[in-house]
Amino acid sequence: MNQGMRLTGRAALLAASALASVVVLGPIIWALSTSLKSDNHIFAVPPRLIPDEPTLMHFQRLVAEGVQWSFLNSAFYTVVSVAFAVAVGGTAGYALVRYPVPAKRALLVLFMGVMSIPSYALLLPTQVIFVRLGIFDTRLALPILYAAHVIPFAVWMTRAHFATVPRELEQAALVDGYSRFEAVWKVIIPGARPALIAAAAFGFLYAWNDYITATTMVESPDLRTLPVALIFFQGFHGRDWGALMAGVVIATLPPIVLFLVYRRYLIGGFSEGSVKG
Amino acid sequence: MVSVPASGTTPFTRSIEDAARAGRRVGTTLVGPAVLVVIAVNILPAFFGFYSSLRKIFFFGDEGFAGLDNFRSLFADPLTWEAIGRSLIFTFGALALAVPLALLAALAVRELGARGRILLTILLVPWAMSPIVVALLWKWILLPSPGGLFASILATFGMPPANLLSNPTWAMPTVIAVAVWRTFAFAAIILTAGLGQIPKDLYKAAAVDGLTAMERFSRITVPLLAPSILIVLSMLTISYFNEVQVIIGLTSGGPIHSTTTLAYQLYLTGFVELDQGRGNAIAVVMFLINLVLIVGYVQLLGNKKGGEG
């Protein structure tokens, strides 16, 4: 009896999980399917999940429109800002654990407080400042803003991690005749790997997926990011759902692959932070 | 940790002081860049925003001091109050949907054991996507014409296509649902971590005492999960209150202002109409509401932790 109830409960749980997975993944798979159908199959009734004659015409269409340049812009902004943020934030996180930094507590409050300021409310004054400084609509605008958003996260994730790595390990490396630089390169950075990966993956998702910063800080077509280019494309070809879904697929593939590869670090980074914080 | 040169001539205390000073210098040098970037890009614009809200600024041209004029005209406009109301509906509507879903997901992840990790990964996929791309995707799903996925599902139940996004009653719930679709699993990460902290022995003891599953949930899970639930509530509240990208992508604030939240009003006034004085006044109002929400949650969280510790 009890056993039976247990099995029923288990079956219900699996059924609910399967339903949730369909609701979550279904739309994404549908977009992929649409992107591979030719125009006269897209509106077929009843709808078909597997394209009859799969075609890459929508992807070719996007390439003809020059979307690959926006893709490269997005990649450039993302890589530059993440590399900078992880280097600067990781260094600060390390120093906050290992060195007697003046006003340490105030600095920690600063980094924590900045994380809770929604960056959106700062965009308008930032835009006015960037226009006056001549940074508006340049290749510098977005890396600066993305890096500044990611740095506090990198500080917090690496700081929490360095606090758990015994400093004896580094001292042993120095005693063994490693130079300071060698100790950093061979002992400290490998030791902080999970935190650095978590911070970098978070930074990648933030920078790559942003639309609102990119659309307000950059105007020139040749500086556009991929999401901005897609919204412009939609403005001109709003009914070209095949090409639009091809754009959705191109914009979504890199972050989803990154998430699947580094999910352990990302989930670990956020769950550790919430349990300890 | 800072290597002290072993010179026999310097007095011992002196060399320790030197080392401490050198340590502070190195520490400051290493922390410096991060602090400078954060202050320059996150703190200074906040002050500049307050300053600009007191000035008349159009199309990047500063036309001088305006006192509280921007705020006066803002609060005299009934649309502002409606936008604040819609922001609260959006924020708390999304919370009311996301938090129970995240809790259910976290419980399912725990019950499923090893397979639970697969479920969590699947549910998190939309969180890895761009909000504006998610909006574009859902616009296609919800397209009210034959062949659209949602319209086809309705058709199998014998219902006509529904144009949710251009219906003033349904636009807001639809936008909320799409925002929740992207974000609820993020809350499930934190709740799963919280559930992992609850000792399993408690459940065994409760089972021995003859508590039903419902009683175990209300007497063990909910009270011990409360701190994690508060963290989730605070993170999601701030994120939903400032959500603008999904709204830009799905409805552009329409139809007939029905999805114009304060965040969207800021976008419209500041970035589209380029009324930067008034836009900054909206940003200041948003900033203050954010502050009230953050302080409120910190207070709640502090009480909770203090009460248990």
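Heads up, the Cβ atoms here are built off N, Cα and C, so glycines get one too.
Residues or ranges marked as transmembrane segment in TrEMBL: A:12-32 (among others).
Here TrEMBL flags A:71-262 as domain 'ABC transmembrane type-1'.
The transmembrane segment annotation in TrEMBL covers A:75-97 (among others).
Here TrEMBL flags A:106-124 (among others) as transmembrane segment.
Per TrEMBL, the feature transmembrane segment maps to A:144-162 (among others).
Per TrEMBL, transmembrane segment is recorded for A:183-208 (among others). Remote same-chain partners of the transmembrane segment (A:183-208), defined as residues 6 or more beyond its termini with a Cβ less than 8 Å from a stretch Cβ, comprise 74, 77-78, 81-82, 85-86, 89-90, 93-94, 142, 146, 149-150, 153-154, 157-158, 160-162, 165, 169-170, 173-174, 254-255, 258-259, 262, 265-266, 268-269.
For A:241-262 (among others), the entry in TrEMBL reads transmembrane segment. Distant neighbours of the transmembrane segment (A:241-262): 28, 31-32, 34-35, 37-39, 42, 57-59, 61-62, 67, 71, 75, 197-198, 201, 204-205, 208-209, 226-227, 229-230, 233-234; these residues of the same chain sit at least 6 beyond its ends, with a Cβ under 8 Å from one of its Cβ atoms.
For the transmembrane segment (A:106-124), the neighbouring stretch richest in Cβ pairs under 8 Å, chosen from A:12-32, A:75-97, A:144-162, is A:144-162. Tertiary proximity for the transmembrane segment (A:144-162) is limited to same-chain residues at least six positions away from its ends with a CB under 8 Å from its CB atoms, namely 77-78, 80-82, 84-86, 88-90, 92-94, 96-98, 111-112, 114-115, 119, 126, 135, 191-192, 194-196, 198-199, 202-203, 206-207, 210, 213, 217, 269, 272-273, 276.
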